[in-house]
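First comes the structure, then the notes that go with it.
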């Protein structure tokens, strides 16, 4: 199912549970602004290349809009719209003073040189600089972008508006980035998993985990879970998949993945078909790659008792229903992977104050937010007699709806 269709469906179910007025419901769904720009750059060989850039600003009732910028060949308006809307609900669930946005450029960053990527980023920033800002819309890294991309955006934006470190988050620490930001989404996944397992009288220690995706989020989650006594029995990424029922040596795998650009050919486990990773025998499954990977085709085969959505929209609504009937518990993405945007908020606060925190403070504050977030979601589950996904959606939508009404914006 298309990500936008699925997100709209979940929103409408939450709006019905909350009993929202139809006019308010409609105004919450319509994006604040959609931006589409042409970005033409000279390539290293002197030829010109054109790319299309997007920024969807979904909602700013609770504060400046916030969301990543991805560089990927399949960036399209529907996907960007869905992810911008998800950011609105995610920031509300995390209870940080932001709304939602998302952006991207349709390109393959692997086929562009560093200097071409820099030129592309600067042209994109020139086209949108008057539509983003410290108190308007604060971009961050996403798929295909990282701290260096944010450094270029910061520099280009500052040419127009003066030095403004708070205009982007996920920056290098030398330019005002926060300590702990790199690990934040993965660490948030750890705290979210701990909160869920505590509810069921369990702990991380001794549980068997499968992690699909070994990029930034998956690798940090794997490292932190193994440090806390969890046993990671299978891992996959775009290069391949490996399995070891006795538990994979994660420090060794991290070293191998860095040296060989992936998990393939790691000698500490047996190679398996990457397509089978989601249906491997385990206690806890963590999809940390692309959206829509758990669907009606494979949901019946999923063996995990708990599914922690570290990726955005990894489970289709049809799969949700199948898994619920099987008794699997799904911790939804708009709560489970909110650690990244929460530490981005801490970075923004530090930049505005001009006062940096140490890493221990960042991690302790993140744990407080994730623990409180889980309690808030559970409260909504009790109030509306619903599962965790609807608990998170009703929590997020209700907070945004209240802010919209209080500001006098309802139709």
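Cβ atoms are placed via backbone N, Cα and C, with glycine included.
Positions annotated as active site, proton donor by TrEMBL: 102. In the structure as shown, the Cβ atom of residue 102 (active site, proton donor) sits within 10 Å of 31 other Cβ atoms.
Summarising the annotation, TrEMBL assigns substrate binding site to 66, 90, 344. For residue 66 (substrate binding site), the same-chain residues that are 6 or more apart in sequence and have a Cβ closer than 8 Å to its Cβ are 87, 91, 98, 99, 100, 101, 137, 138, 140, 341, 344, 345.
The NAD(+) binding site annotation in TrEMBL covers 185, 216. When Cβ atoms from all protein chains are considered, those within 10 Å of residue 185 (NAD(+) binding site) total 24, not counting its own.
The site 'Important for catalysis' annotation in TrEMBL covers 142. Around residue 142 (site 'Important for catalysis'), the same-chain residues six or more apart in sequence whose CB sits under 8 Å from its CB are 67, 68, 69, 70, 102, 104, listed in sequence order.
When each of the binding-site residues 216, 344 is scored by how many other Cβ atoms sit within 10 Å of its Cβ, 216 comes out lowest. Within the set 66, 90, 344 that the record links to substrate, no two Cα atoms are more than 13 Å apart, and one pair reaches that distance. In sequence order, 67, 87, 91, 94, 96, 98, 100, 140, 338, 340, 341, 342, 345 are the same-chain residues whose CB sits within 8 A of the CB centroid of 66, 90, 344, the residues recorded for substrate being left out.
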